[in-house]
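Working notes, structure below.
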């Protein structure tokens, strides 16, 4: 070296020379894991050589790397610059090594914190010992927990927020489903008797008919032809077909009394009308309206036969005699086959309510069987009853004219008259329909909220808190979600006290206040107190006070409703929600979207968009009924879902095009709902929302049952997301979902790919609550019994439900097969 005139000065660092392995080949995930392991080994080896602590060595390594980059870049800048105006002491901004996804230079850390930037600076557990890292609480078995901020790396909206146009000459919107205001349009002018009209006014507070009631009553009272009633939700279709039936039966009874004083229509006179509805809840509601209507004709008797009830008690009521029957198709077909006391030879009216839903639920075969049985038994009875139609009159009610509804009309209708709200639109069957679409009520105020996946949960809570802030501003609200598991999860959150100190999981701290400490934290020897919380897998409580939503001035009651609840619980929940005169919120699936007339519902929130446009219209139709005002809001995520706004705009008729659908952002919702008092800073809502999210996550981690409920809700939500109709799947593409961000909306800190799939909910897919031993004994008896005796003696209320469950399982298996071929089996754990 010296012979060449060169002198090299090697400076060996204090830590010595440690070899760094070169990682090549293999998968990029394996290389990243090996690189991280080598870096941790190098840090610990340096700490052993210098005697310093691990975190200090890691910090020094980052600073040295930053200094080297600054020197090299500064020298390179000075060499490249030839201008004398450039000062040599001005270097290029420092370039720091990227650590844990931090893209900002070190010099900007302070300004970012002051500006309210919540992006993570450095991974607090990257240089900690295993004993110093945050341990997973009990019940959180599985993958590594990820605690991320709500306001980092959220997708940006693809549409721009437009300020609403102010129209000074805007006229008030007239309700499209309100009762007619003309003095000439009364029930008596339509052919209703004064006795029945007075009863409607005094007992039911109905002064005038709606447009669809006027068209239907005029036709059905005077004519015996079949009819197809098409009208928007909340327009009074139930009374449109009930009033003509009751009026004709009252006239029949009056005519019979004229000939014989003791002769009149009684319960043993025969069954004259059958009303079929797709769901049990709608059947119960129709029966309730019919019971009020028959208050002026006490000699007429009506009853219901629906799934989930005891067949023995239903048979007893049928033996006593009835005049009007409200039923679901599956149970009615079963009684027609096995109950001899059910005589349908005198049936003169058959009503199919919500015809589109009847076909969607797969009741086509049952309806064909019922219509065939009615035709066969009516031919056998050739006795003519004066005052009744000579043939059976069939009435089909539906909000849309889809292909399946037309097929149902071909099965049941013959020479039907098409009735609409506008009498000028009446048309005979076979004419080309003028408009096959259905629309939302004109007075309904619609809006949509663009909310990032991570902000969905806190935004929903903030939106509802804002709605119930003032007493009387919103009496009742309905929140629609996609699946039953999601209903249970959100109900448990709203009815829990998230701010209780004893609900923190063992080993967790306030994540926003955790600081790195040199000493190891002392392990607590105290066991956490038992939390008096019911198992969320047991569906026994369906309503409770909501501490999360209740302001100081009044309490808010939360309810839940879905198809997996027992029929008795579903009925009692709806009854309690209907009779409650205080503020209340109902979290439900689409089981509450069809035909239910729930009073004082001022707000409908579609937290999960409906699977089809028709379901969306039925959801928002739970408010703004019978001329009342109402509001509806749908939550959409940034990206393809924002294109769904074009579908929302088709909810209005052409003459209502001036009515705009307003937009809301997550920032506005959180600010209005969470920042309630005092002078708040610009980003104050971020701190409150972050604390609320952490409270929900700690609440979920505090109990294995809650954590299982959250996982089940997340996975069921993903499966339901993949079931949108083909025409709308471009807006709801499951491949565009960020599963990790969406998991945070379900209070989960685990990676979706490492999440274990829990089992089915208690009783899911099966309504029989008998023990397994008894079910096995009954199955053995069934196998040895004759076929004829099996059909008559067995009381199996869920026979039809089992068949429907089999159809649903077949559809789910087909969906799972599609997901596996699409490469999504790892996220859903379906393989």
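Placed from the backbone N, Cα and C atoms, the Cβ positions cover glycine too.
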In Swiss-Prot, which of the ranges 372-414, 458-500, 501-543, 544-586 has the region 'Disordered' annotation? 501-543
Motif 'Q motif' per Swiss-Prot: which of the ranges 185-214, 215-244, 245-274 is that? 185-214
Reported mean pLDDT - the domain 'Helicase C-terminal' (456-670): 81
Give residue numbers and ranges for long-range contacts of the motif 'DEAD box' (353-356): same chain, 6 or more residues beyond its ends, CB-CB under 8 A. 237-238, 241, 275-278, 282, 286, 396-400, 402, 404-405, 408-409, 594-595, 614
Neighbour count (Cβ, 10 Å) for residue 236 (ATP binding site): 24
Which numbers of helix, strand and coil residues does DSSP report for the motif 'Q motif' (185-214)? 16 helix, 0 strand, 14 coil
